[in-house]
Amino acid sequence: MEEKNGDAKTFWMELQDDGKVDLMFEKTQNVLHSLKQKIKDGSATNGDYVQAMNLVNEATLSNTQTLEKGMFITYSNPEVNTHRSNHTPVTQSEQENKSSAVPSASCDNSCPKGCTIPSPGKKVFLPVKNKADNLVKKEAPLHISFHRHICSRTCLMETPLSLKGENPLQLPIRCHFQRRHAKTNSHSSALHVNYKTPCGRNLRNMEEVFHYLLETECNFLFTDNFSFNTYVQLTRNHPKQNEVVSDVDISNGVESVSIPFCNEIDNSKLPRFKYRNTVWPRIYHLNFSNMFSDSCDCSEGCIDIKKCACLQLTAKNAKACPLSSDGECAGYKYKRLQRLIPTGIYECNLLCKCNKQMCQNRVIQHGVRVRLQVFKSEKKGWGVRCLDDIDKGTFVCIYSGRLLRRATPEKTNIGENGREQQHIVKNSFSKKRKLEVVCSDCDAHCDSPKAEDCPPKLSGDLKEPAVEMNHRNISRTQHHSVIRRTKSKTTVFHYSEKNMGFVCSDSAAPEDKNGFKPAQEHVNSEARRAHEDLSSNPAGDSEDTQLTESDVIDITASREDSAPAYRCKHATIVDRKDTKQVLEVPGKKSQEEEPAASQSQQALCDEELPSERTKIPSASLMQLSKESLFLLDASKEGNVGRFLNHSCCPNLWVQNVFVETHDRNFPLVAFFTNRYVKARTELTWDYGYEAGATPAKEILCQCGFNKCRKKLI
């Protein structure tokens with residue numbers, strides 16, 4: 001430092017001896033005056049802006065004045081030096097000794113338009129404009145260095161006024177964290193992501209992020225707000241120029257994040273339905289305290305399976321099921337699902353004494369956090385897409401609807417069924433003509449107690465009436481629970497002994513000698529035609545109140561005589577014998593395949609996912625229970641999950657999660673991403689239809705992948 005000070009002193013002494021000190025300052029003043037005029041009249045270039053910013057940064061102005069319009073980013077190594085005064089210049093020798101770091105994609109689109117990124121050899125400060133940055137911020141110099149200290153609450157900057165509606169991965173940036181892509185060393189060719197905290201500390205993985213949030217007692221940032229995936233970009237959310245948002249929030253504030261609706265195809269609106277994000281009736285106060293088999297009292301975020309009883313419960317059931325992979329830890333990993341758990345995930349419940357904010361075993365109970373948009377596609381009807389990049393294992397939404405119970409199920413003989421089928425087929429064509437001219441209003445609203453209290457209308461021909469679930473119907477006995485999808489425009493009943501579905505598990509195993517029946521998760525191939533039928537079904541249509549015309553996703557618990565500790569009872573199954581329905585979508589032309597997806601996305605589909613390696617044949621499905629059939633009806637009430645489309649190479653997993661009860665008959669059906677999903681990509685899941693099961697009623701698939709099964713239903 002003394003040598004550097006001596007060099008500076010020698011420099012000015014030489015100028016003084018030559019009588020050029022005044023000349024040097026006059027030149028500096030001329031430069032400042034020129035920059036001032038260019039900035040005022042708008043003729044300044046990006047280089048002029050950067051030069052002026054650096055000069056102001058080195059001047060004697062206060063930091064609040066220099067940071068009033070934005071933040072500063074330095075592309076030098078964040079670990080060099082201690083806290084440096086903003087007035088101290090940086091010499092060339094210091095810059096040469098610093099290793100470069102490549103800025104994260106989160107900052108790429110934040111610079112002014114046309115701004116060029118400086119070379120790593122120079123230290124340049126660039127203003128970063130944060131989108132929707134209408135907050136009152138504290139001073140946040142991003143060239144801060146790390147002082148060895150014990151992190152606490154004082155390490156965090158002021159909490160933003162509001163974080164609702166933001167990209168969840170952008171929230172750390174809003175809170176003055178830096179997300180950087182950097183090389184581990186000069187010889188490395190791969191980039192890695194790290195975060196730099198407001199106090200200068202580097203976070204290199206999720207474990208370090210978790211411990212930092214614990215140490216600082218942060219209650220507004222969580223582990224799922226961070227992503228170390230180099231493919232994830234934080235600002236790739238630019239909408240199309242011709243996009244017109246018809247509804248800013250179809251949930252009407254029910255969800256913590258707005259879910260807009262956009263139609264770029266025509267002027268049709270969403271069907272009228274009641275938006276609900278729960279399956280339980282709102283007018284009843286249900287007591288779930290006696291429906292939990294265990295609870296925890298963790299104080300360190302429920303991350304240690306040796307201490308957390310809820311994690312142990314998930315692992316115990318997964319280990320007892322032969323469909324689970326050996327050697328892998330069951331459950332979430334820092335609030336992200338890395339693989340499917342056939343036996344279900346047991347989240348921490350209301351009896352647990354752990355911190356609800358820092359608990360890593362509470363995910364879906366926090367609700368939708370990613371930004372979604374309902375839109376209309378050219379061939380597949382209504383669909384859902386993400387507005388931001390989503391990392392693998394991220395929770396998207398649940399499948400919600402109205403919980404009903406089918407009472408006194410009766411079998412209909414084949415002769416009567418044939419006559420009923422003929423009658424319904426005839427009615428379907430007249431109904432088609434009526435539905436073609438009817439357009440429902442896009443009037444999604446929240447549940448009302450009066451609507452919940454009204455029983456559904458039942459047709460006189462309905463052999464299996466359904467009644468709504470209430471607190472008197474719910475018990476812990478073994479039941480056969482079903483999730484019902486929204487109706488299609490035309491529903492045809494038929495009798496079929498064949499079951500179908502796809503297995504959401506790692507492998508298949510037959511019944512063992514002890515009578516153990518493995519858990520099986522099968523998704524109804526008839527359960528996902530909401531996007532094609534909802535646009536023409538007004539809420540007040542009396543024909544639509546026939547509950548047996550809804551698509552069904554069957555979630556059942558098998559009845560084994562084996563010990564409870566070795567049971568793997570939970571399953572999601574479709575039984576065509578019980579549903580007795582075939583969907584026929586009128587008003588649709590013969591479907592044509594869309595162009596194949598990009599090679600990178602196709603490669604992900606060509607490689608079999610662990611959950612799709614083995615399919616259990618229909619003959620080995622479990623015998624459905626004939627008692628107390630529970631239905632989850634989304635035809636009139638539901639959430640954004642009712643609009644999710646099918647794909648033979650889906651980007652969503654279907655996972656059963658137990659939150660409000662440990663009763664195996666009442667899981668929540670949750671959707672998680674099974675890979676990285678780029679912004680504005682449609683979110684899909686596999687309906688699991690077996691091609692050839694019902695050849696007369698099959699519909700062509702529209703997913704467009706090379707390994708497409710070609711048939712949707």
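Even glycines carry a Cβ here, placed using N, Cα and C.
Annotation source Swiss-Prot lists region 'Disordered' at 78-109 (among others).
Among the features that Swiss-Prot reports, domain 'MBD' is placed at 161-233. Each residue in the domain 'MBD' (161-233) gets a DSSP state, and the totals come to 21 helix, 12 strand, 40 coil.
DSSP gives C302 (Zn(2+) 1 binding site) a coil state; it is part of no helix or strand. According to Swiss-Prot, the Zn(2+) 1 binding site annotation covers C296, C298, C302, C308, on the basis of similarity to another entry.
Look at Swiss-Prot and you will find 370-688 tagged as domain 'SET'.
Per Swiss-Prot, region 'Disordered' is recorded for 511-549 (among others).
Positions annotated as compositional bias 'Basic and acidic residues' by Swiss-Prot: 511-534 (among others).
Annotation comment: Swiss-Prot describes 579-608 (among others) as region 'Disordered'.
The compositional bias 'Basic and acidic residues' annotation in Swiss-Prot covers 579-592 (among others).
Positions annotated as Zn(2+) 4 binding site by Swiss-Prot, on the basis of similarity to another entry: C648, C701, C703, C708. All protein chains considered, the CB of C708 (Zn(2+) 4 binding site) has 19 other CB atoms within 10 Å.
Mean model confidence of the domain 'MBD' (161-233) amounts to 90 (pLDDT, 0 to 100 scale). Comparing C308 (Zn(2+) 1 binding site) with C648 (Zn(2+) 4 binding site), their Cα atoms are 37 Å apart once rounded. Each of the binding-site residues C296, C298, C308, C648, C703 was assessed for Cβ neighbours inside 10 Å, and the highest tally belongs to C308. Excluding C296, C298, C302, C308 themselves, the residues of that chain whose CB lies within 8 A of the CB mean position for the Zn(2+) 1 site are, in sequence, D297, G301, I303, D304, K307, A309, C310, L311, C348, C352, C354, C359, N361. Comparing Cβ neighbour counts within 10 Å across the binding-site residues C302, C701, the minimum falls on C701. Ranking the binding-site residues C648, C701, C703 by the distance of their Cα atoms from the Cα of C296 (Zn(2+) 1 binding site) places C648 first.
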